[in-house]
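What TrEMBL says about this one:
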{"type": "BINDING", "residues": "A:K7, A:Y8, A:G9, A:G10, A:T174, A:D175, A:R185, A:K210, A:V211", "note": "ATP binding site"}
{"type": "BINDING", "residues": "A:T47, A:E74", "note": "substrate binding site"}
{"type": "DOMAIN", "residues": "A:268-344", "note": "domain 'ACT'"}
{"type": "DOMAIN", "residues": "A:350-423", "note": "domain 'ACT'"}
Protein chains: 2
Amino acid sequence: MGLVVQKYGGSSVADAEGIKRVAKRIVEAKKNGHQVVVVVSAMGDTTDELIDLAGEVSPVTSGREFDMLLTAGERISMALLAMAIKSLGHEAQSFTGSQAGVITDSVHNKARIIDVTPGRIKTALDEGNIAIVAGFQGVSQDKKDITTLGRGGSDTTAVALAAALDAEVCEIYTDVDGVFTADPRVVKKARKIDWISFEDMLELASSGSKVLLHRCVEYARRYNIPIHVRSSFSGLRGTWVSNQPQGDQPMEQALISGVAHDTSEAKITVVGVPDKPGEAAKIFRAIADGELNIDMVVQNVSAASTGLTDISFTLPKTDGRRAIEALERAKASIGFDSLRYDDQIAKISLVGAGMKTNPGVTATFFEALSGAGVNIELISTSEIRISVVTRKDDVNEAVRAVHTAFGLDSESDEAVVYGGTGR
Amino acid sequence: MGLVVQKYGGSSVADAEGIKRVAKRIVEAKKNGHQVVVVVSAMGDTTDELIDLAGEVSPVTSGREFDMLLTAGERISMALLAMAIKSLGHEAQSFTGSQAGVITDSVHNKARIIDVTPGRIKTALDEGNIAIVAGFQGVSQDKKDITTLGRGGSDTTAVALAAALDAEVCEIYTDVDGVFTADPRVVKKARKIDWISFEDMLELASSGSKVLLHRCVEYARRYNIPIHVRSSFSGLRGTWVSNQPQGDQPMEQALISGVAHDTSEAKITVVGVPDKPGEAAKIFRAIADGELNIDMVVQNVSAASTGLTDISFTLPKTDGRRAIEALERAKASIGFDSLRYDDQIAKISLVGAGMKTNPGVTATFFEALSGAGVNIELISTSEIRISVVTRKDDVNEAVRAVHTAFGLDSESDEAVVYGGTGR
């Protein structure tokens with residue numbers, strides 16, 4: 001039996017009962033002969049409460065001090081979890097990100113891991129302890145300041161530790177049974193995926209699936225760490241994310257992994273752009289200078305009579321205002337007529353390996369949408385993904401139609417749903 | 001203008017308003033040209049809430065993990081305070097005990113400081129920052145584990161940093177105006193003491209005065225760091241504790257510093273102890289083996305006819321049960337008849353320099369008690385203190401009588417009282 005890294009999110013340790021339930025599950029793994037490293041998030045609403053407090057004393061809720069504040073959250077949950085495990089008669093020690101050797105860059109609030117030196121964790125394991133590590137946090141390499149890793153930080157901590165400790169598997173415990181072929185709240189017949197490749201999981205994550213974040217999957221793929229996403233409530237086998245089906249995992253792999261949707265983006269259309277080389281570059285330079293990330297980009301066919309074209313792109317709604325401002329500032333140098341902002345859109349993505357080499361897939365996808373009376377506004381494709389932008393009102397019907405068209409519907413009528421997912 | 005260390009207790013930073021008020025006071029000191037290091041406790045009830053949470057997940061609320069848990073409290077308050085200062089346009093950085101170089105032994109929950117290496121604090125100050133340091137916590141020298149300093153820990157952190165940084169003064173901000181000649185809740189005419197020597201302050205602290213704890217004063221005396229105890233609400237000049245009156249402090253020093261009382265102790269009488277060498281030693285070895293601290297000790301005159309004597313001592317009520325158990329276990333080897341336990345006692349102490357050389361002091365003290373009809377059960381004296389044990393019910397009257405007899409009553413009728421004091 002080898003080393004297992006388990007990660008528990010905030011909803012799994014929301015209160016004393018949750019902490020005690022998780023402690024029992026951890027002790028089980030230890031009793032089964034594993035060395036166990038646990039990564040834990042802050043309890044339930046702790047982080048939100050700290051953010052509220054910060055808002056009461058300062059208009060600026062970011063930077064070094066904000067990280068110092070937020071990291072108190074995991075400190076509380078990890079210490080309580082260690083105490084709960086000890087009360088079950090097993091030895092446990094908790095470690096901050098810094099103590100666990102999670103070394104990051106100095107970008108506060110969204111630091112990136114640049115090294116993991118888990119010497120103290122190894123010692124704790126060798127001495128027979130269960131090691132509890134604070135997720136979401138690290139220490140900056142140059143200034144030795146406490147940093148936080150931003151969204152999906154705890155999952156990334158878990159995968160990074162699994163890689164550094166050469167773990168057998170990184171188990172991500174959450175409040176759903178695994179990764180589904182579509183969001184079970186939208187598609188009642190969505191099926192739990194038993195196994196999915198890193199690549200397909202990356203595409204699903206970029207396309208709106210919220211169970212695992214892109215960043216964590218990317219890290220796992222780079223170091224080839226199998227991830228097992230499963231419920232901390234049910235104890236059932238969940239979804240394995242890895243290079244290839246392993247051991248008792250089913251060898252068959254469906255061509256199509258799943259359907260993802262995303263309603264968190266907005267569309268900006270830059271109207272009346274001179275259709276000559278370099279114009280698009282100016283637009284995206286203005287966006288990049290504002291440190292804004294864009295998703296899909298489409299340039300319309302130019303109307304030959306005017307020599308002008310329209311360029312549309314999507315980006316997170318939360319960045320919408322800043323993107324509009326950045327473009328307005330650069331209006332003179334870029335040269336365009338006007339901007340259109342539309343936040344009533346949805347993105348629907350079909351993800352599966354070998355899609356490009358199966359022309360029928362694209363046809364079936366569009367036929368399904370058309371059959372459901374859904375209009376397509378933008379299209380973007382990759383090797384293993386097709387995404388379209390539609391009206392937001394059409395999203396549920398569109399996802400269901402595509403899910404059925406690709407034979408993803410389960411036999412049973414109802415998927416098991418436990419609620420939303422944590423960070 | 002030199003370096004000032006300011007310490008704010010939990011009641012001063014109990015909520016966002018408190019934190020903003022304290023931030024303004026800190027910025028004032030900075031504007032006056034001082035380098036400022038601030039030591040801060042956890043917000044209001046945070047520590048109690050964490051203790052409650054711990055109790056919900058584990059019956060054992062002590063040790064390494066408990067320290068990890070509790071130190072989250074100061075992490076929150078210090079980060080918020082730094083953010084509040086920054087929002088006032090000044091630079092501030094917060095530091096954990098570990099980052100501030102507070103090195104301790106490995107005794108969790110009541111660690112002792114063994115070294116302070118404030119390199120990062122000095123750098124922060126040199127760069128123009130206000131440094132905010134978590135009180136009550138450190139890091140163990142051998143294991144690099146997070147420790148807490150126990151009762152009075154934040155005050156001790158402040159004094160230790162003041163010593164290591166060669167500060168001009170260590171200002172202890174609290175919710176009362178300073179140290180008084182008696183507890184103002186008992187003696188309405190109690191006066192604020194403008195200046196008091198380290199030695200007298202030590203005696204007052206050991207005798208029940210709760211504004212400063214013995215441990216912190218002892219540290220300040222060893223490194224000769226003047227302490228200024230003052231209110232974080234009123235901004236008035238408080239009480240200076242130092243080697244000798246300095247600068248604009250009044251040079252006159254009253255013979256008597258004040259009257260302290262303490263109702264937190266109990267009295268144990270060991271009845272029928274063989275009156276021969278070594279018997280008392282056996283009793284106090286049994287107590288010491290239980291890691292229990294005793295305060296006053298009195299051996300009664302032996303009754304020649306029996307060859308037996310009684311030995312009485314006082315100790316904190318919280319240790320009473322364990323002391324009785326330790327003595328019962330050692331009963332056979334010590335050889336005594338029975339034990340008497342009495343928790344309805346009070347200790348009243350008169351503190352002042354040169355008391356021993358003024359025989360009139362003792363006489364006046366006892367006359368005052370006798371005049372108030374207060375019976376004396378035990379007596380203990382030092383160079384600068386006389387303490388007596390009386391019935392608990394007599395304590396207020398006894399304190400007032402002694403306070404008046406030594407001319408300590410103020411002209412005005414009412415002392416200013418803001419409430420109890422924090423840890």
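Every residue gets a Cβ built from N, Cα and C, even glycine.
Owing to the predicted nature of the structure, the values given are computational and were not obtained by experimental measurement.
Positions of the features from TrEMBL, shown on the structure.
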residue	record	contacts (Cβ under 8 Å, 6+ apart)
A:K7	ATP binding site	A:V38, A:V39, A:V40, A:S41, A:G135, A:S154, A:D155, A:T157, A:A158, A:C170, A:E171, A:I172, A:Y173
A:T47	substrate binding site	A:G10, A:L70, A:G73
A:E74	substrate binding site	A:V40, A:S41, A:A42, A:T96, A:G97, A:A134, A:G135, A:F136, A:Q137, A:S154
Task: Taking residues A:K7, A:Y8, A:G9, A:G10, A:T174, A:D175, A:R185, A:K210, A:V211, which bind ATP in the record, the widest Cα spacing (Å, whole number) - done: 24
Open item on the list: On the three-state reduction of DSSP, what should I expect for A:T174 (ATP binding site)?
Closed with: strand
Task: Cβ-based isolation winner (fewest other Cβ atoms within 10 Å) among the binding-site residues A:G9, A:T174, A:R185, A:V211 - done: A:R185
Open item on the list: Using DSSP and collapsing to three states, where does A:E74 (substrate binding site) fall: helix, strand or coil?
Closed with: helix
Task: Residues from the binding-site residues A:K7, A:T47, A:E74, A:T174, A:R185, A:V211 that lie close to chain B, Cβ under 8 Å, in sequence order - done: none
TODO: Could you check what DSSP calls A:R185 (ATP binding site) once collapsed to helix, strand or coil?
DONE: coil
TODO: Please work out the helix, strand and coil residue numbers for the domain 'ACT' (A:268-344) from the DSSP assignment.
DONE: 28 helix, 25 strand, 24 coil
- [ ] Mind looking up the mean pLDDT for the domain 'ACT' (A:268-344) in the predicted model?
- [x] 85
